[in-house]
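Copied from TrEMBL, the annotated features are:
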| type | residues | note |
| --- | --- | --- |
| TRANSMEM | 7-36 | transmembrane segment |
| DOMAIN | 11-454 | domain 'Major facilitator superfamily (MFS) profile' |
| TRANSMEM | 56-80 | transmembrane segment |
| TRANSMEM | 92-112 | transmembrane segment |
| TRANSMEM | 118-139 | transmembrane segment |
| TRANSMEM | 151-170 | transmembrane segment |
| TRANSMEM | 182-203 | transmembrane segment |
| TRANSMEM | 334-353 | transmembrane segment |
| TRANSMEM | 365-388 | transmembrane segment |
| TRANSMEM | 400-424 | transmembrane segment |
| TRANSMEM | 430-450 | transmembrane segment |
């Protein structure tokens with residue numbers, strides 16, 4: 001029992017300063033939007049004696065918002081080398097430095113009369129999230145026993161959702177969302193960082209990293225004993241040693257090598273498709289729409305922030321549910337179901353939006369659609385997507401795969417954030433058509449090409465993909481002989 005406690009505590013220590021920060025920092029910026037824009041205008045007026053035009057304020061604000069995904073992209077790129085050189089645990093610990101810098105910059109921005117500090121702070125916050133979104137699922141999936149691997153790696157999604165909800169709660173006017181307290185709201189992300197810095201050092205490094213990357217069998221066994229207790233470790237150790245033998249003599253690959261390697265074609269394609277779909281499926285844009293739809297449904301303006309917390313809680317509840325069922329249901333059904341349902345809800349949502357003014361009960365239908373869409377996203381795509389790179393790549397390719405995955409995730413977040421207002425402008429009620437197409441295409445890809453990884457060892461999964469990658473060559477196997485003979489003659 002003690003050992004399962006240690007695994008649970010390791011998950012919490014990694015999560016609180018890890019993906020929790022990603023969710024938390026996405027949602028705390030929403031509450032003080034107007035106050036920060038007023039602060040920008042006031043500061044500029046004091047500096048130059050001329051107030052800012054409204055479109056310039058909007059431009060400065062969009063710089064502030066987009067600094068976050070740009071930082072995330074930078075973080076995703078450095079996460080790979082960090083995980084290889086420093087180890088998984090040390091990377092997570094060092095990663096808190098970025099948040100502490102960001103909290104100091106944002107916290108003192110009003111005192112220093114500098115809105116540029118908020119922008120730089122958001123960039124550093126993004127870097128922290130970029131690193132943790134890549135390193136945390138890797139660290140946890142490598143530390144978990146095979147039968148719990150899906151559930152343990154999925155906790156990353158639960159911590160993201162928890163961060164979203166807590167960010168919405170802390171951003172309420174009664175707490176830190178008021179006009180006086182917004183610098184404290186932006187600096188409050190230092191608290192999870194300090195919790196992680198005090199807790200995580202007590203827990204072991206990823207046993208797989210110690211054995212396969214470092215070649216340190218002693219430390220690996222002691223880490224395994226801490227995580228699993230006295231139960232028989234021989235089977236698990238044997239599996240790791242087999243994996244070590246399979247990659248012996250190789251060094252950790254970089255993203256460029258993954259792209260060139262035909263043996264990793266399907267794995268890479270699957271990860272690229274699913275990582276892109278996660279941001280391009282329109283889930284984050286639902287939050288953008290939430291306030292407008294709730295207003296149309298007749299909810300008073302001052303009560304809307306409380307209802308928005310309900311949307312965040314939806315994602316939290318489903319990601320916890322998904323945690324419980326992923327190792328029974330498997331990865332494929334959850335992904336497939338999630339995307340099919342989202343496609344259905346997107347159609348209903350567009351119809352409801354177009355009839356919003358004609359039919360009195362339509363706003364309530366669109367409200368239901370928002371909740372249903374977020375629930376469908378939470379039950380499959382939100383969690384499973386983060387687990388897959390760990391499962392379908394071997395130890396030497398994994399950090400590079402997460403670099404590609406993370407870079408795509410942040411680039412697409414930036415893309416959707418920038419493009420969505422224009423999509424709404426041009427397509428108005430039918431703004432969900434691009435997202436609908438993404439959901440349908442992803443569901444088709446999962447249905448036809450993605451193998452199930454539930455309950456298989458990393459080596460078994462690699463073998464399964466190997467068959468797919470070299471299927472084309474086995475068909476043309478008959479012609480191999482003469483070609484080889486020709487080449488030797490030359």
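Glycine is treated like the rest: Cβ placed from N, Cα and C.
Residues belonging to the domain 'Major facilitator superfamily (MFS) profile' (11-454) score a mean pLDDT of 90 in the model.
Ranking 56-80, 151-170, 182-203, 365-388, 400-424 by CB pairs under 8 A with the transmembrane segment (7-36) puts 151-170 at the top. The largest share of C-beta pairs under 8 angstroms with the transmembrane segment (151-170) comes from 365-388, of the ranges 56-80, 182-203, 365-388, 430-450. Contact count against the transmembrane segment (430-450) (Cβ pairs under 8 Å) is highest for 400-424, out of 56-80, 118-139, 182-203, 400-424.
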